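A.B. asks: Once you've had a glance at the structure underneath, I'll fire off some questions.
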Amino acid sequence: MAEPTPEPAELGAMFEALEAQLEAPVGLAEGLRQRSTWARSAALLGVALAMVTVISLGLRRVDLALHPLPRLLGTLAALAAAVLAAGLVVLRPVHRRRLSGWWVALVAGAAVLAPAIVSSLPAAHADHPASVIGVGADLVPRALGCFAFGLGFALTAVAAAYLLERSALRRRGPAVLALLGAGALGNLVLVLHCPIVAPIHQWAGHATVSLVLLVAAVVAVSWRSLGRG
């Protein structure tokens, strides 16, 4: 049976409701998400660069002049590459074909492995008093300080991704990579800030930022899978 044709008055009311909805003020978050991919990418990159600038100008590591430059540049390049790759996937336009699971897994693996490898490297030097602390009885308090410092920057990046990603991180791939990319960014910030070079400190205070966010990503994926089931 054919559906009845709406009366002119009903059609007018429907168009008025639609017009009111289109003209309704848009909130800050929704307005940000409606920006172009280039604008959103620039904004997210700007957040990361602002963090690096703050650390470099006012909170940089005190042993910077003594740290082997090739090692430092290689470390920063590896972490930055992981952060950028994750950010590109997070803000990938929703109308484009979804990336294969292999690509997402590759980027996720890079975002997890880069901090782990950096933390596993031998001590870069022992030429500054601040570089040889953070072990023994000093391990836990120093590691907790670095963990809180790095996690704070990482969560700020996650919040920025939430405000800029089209679905507000409701899609599994962007949500996972926002968390893991933020973990790599937190480690990059710590490389610029913390002078302690002992691998045990690196693992306890730096890599744990990525590990905690990895656990959060696994929990988020599992929770959504259970919800769909």
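Every residue gets a Cβ built from N, Cα and C, even glycine.
The annotation transmembrane segment is assigned in TrEMBL to 42-60, 72-91, 103-122, 142-164, 176-198, 204-223.
Tell me about the surroundings of these features in the structure.
C.D. replies: If one looks beyond the transmembrane segment (42-60) by at least 6 residues along the same chain, the residues whose Cβ comes under 8 Å of a Cβ in the stretch are 32, 35, 83, 87, 90-91, 153, 156-157, 160-161, 164, 185, 188-189, 192-193.
Away from its own ends, the transmembrane segment (72-91) comes close to residues 37, 40-41, 44-45, 48, 64, 99, 103-104, 107-108, 110-111, 114-115, 117-118, 121, 124, 161, 164-165, 173-174, 177-178, 180-181, 184-185, 187-188, 191-192 of its chain (Cβ-Cβ under 8 Å, at least six residues beyond either end).
Same-chain residues lying 6+ beyond the ends of the transmembrane segment (176-198) with a Cβ under 8 Å from its Cβ atoms: 48, 51-52, 55-56, 59-63, 72, 75-76, 79-80, 82-83, 85-87, 89-90, 104, 107-108, 111-112, 114-115, 118-119, 123-126, 128, 130-135, 142, 146, 149-151, 153-155, 157-158, 161-162, 165, 169, 205-207, 209-214, 216-217, 220-221.
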A.B. asks: Against which stretches of its own chain does the transmembrane segment (103-122) lie, if we need a Cβ under 8 Å and a gap of at least six residues from its ends?
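C.D. replies: Those are 71, 75, 78-79, 81-83, 85-86, 89, 173, 176-177, 180-181, 183-184, 187, 191, 199, 202-203, 206-207, 209-210, 214, 217, in sequence order.
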